[in-house]
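Data first, discussion second: the structure below is written as C-alpha cells.
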Amino acid sequence: MLLFRAASLLPLLCFTVGAFPFMDEEGSGSFAQEVLHSRSYPLANAHRGPFVDLPLFRQNRRKISQNFILHSDPREHMDEEALRRKLVWESAIRREKMRSHPDQVLPIGQDALKRSRCHALPFIQNVFRKNCFPVRLPNKFCFGQCNSFYVPGWPAGLSQPCTSCAPSRSRRISLPLRCRAGHLAWQEVELVEECECETRYDRNTVEPAGSGEGFLPVS
C-alpha cells in the first residue's frame, strides 16, 4: 500500500523538481530578481496566468516584454495611408473655416491715426435755475477731431461704430443756488477733467446736466 502511494506521488515530485530546481544563495538571489523584474510589467504578464515565473516561460518572457508597447496616441494605430487622409481632411476643414470667416484688414496708416485729437479746454459755465440766481463755475469741455469709419456689409442688427470726443475722467458735484424768498436749491453739475476719443456702438444722446444751463467759453 505504501509502495503504491509512493509510486503515485513520484510523477508529481519530478514535475516539482523540474519546475523549481534547487538553488544556492546566488541562485536564490537571481530568482528574486526575476520575480521583481516580472512585477515591473503587470500589464504584459497579466494575460499569461500564474506560471509566468516557471523556467519553461523564462526564455520567452523577455521577447514578450520587448514587444509590449503602450499606445497613447490613436494615430499610432493608423496605417500611413489612413493617417495621410485624416491630415488632408483636417487641413480642408481649416481652409473652409477661413473662407467663411476671413480676417478683414483695413488700410489705415499711422499718420491718419495721429490726426485724431481730443482735448479738454477750460471755460466758465453759468449754472442757473428758474427763480434762482446764476452761479459762475470754472469747468472744461471736450473739443477735437476724432477719426470714424463706416464698413459696408456690417452685420444686420448691429449699430455702426461712432467715434466722438468725450470725457474720459469727470466727476459730479451738487452746487447750491440761492433762490428768491430765501430758498436754497441744489443743482447737480458734471466737472470734466480729461477728454479723449472714444468709440460708441449706439445712438444714445447725453442730455446736459441741469435744465437751463448756460455756457460761456473763455476767449
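Even glycines carry a Cβ here, placed using N, Cα and C.
Per Swiss-Prot, the features are as follows:
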- CYS118-CYS165: disulfide bond (DISULFID)
- CYS132-CYS179: disulfide bond (DISULFID)
- CYS142-CYS195: disulfide bond (DISULFID)
- CYS146-CYS197: disulfide bond (DISULFID)
- 118-198: domain 'CTCK' (DOMAIN)
- 1-19: signal peptide (SIGNAL)
Exercise. Within 10 Å of each Cβ, count the other Cβ atoms and name the one among the disulfide-bonded residues CYS132, CYS195 with the highest count.
Key: CYS195
Quiz item: Which has the fewest other Cβ atoms within 10 Å: CYS118, CYS146, CYS165, CYS179, the disulfide-bonded residues listed?
Solution: CYS179
Self-check item: Same chain, 6+ residues apart, C-beta under 8 Å of the C-beta of CYS197 (disulfide bond), given in sequence order
Solution: SER116, CYS118, GLY144, CYS146, ASN147, THR163, SER164, CYS165, ALA166
Quiz prompt | Three-state secondary structure, which DSSP defines for CYS146 (disulfide bond) | solution = coil
Quiz item: What is the separation, in Å, between the Cα atoms of CYS142 (disulfide bond) and CYS132 (disulfide bond)?
Solution: 28
Exercise. Pop the mean pLDDT for the domain 'CTCK' (118-198) in here, whole number is fine.
Key: 86
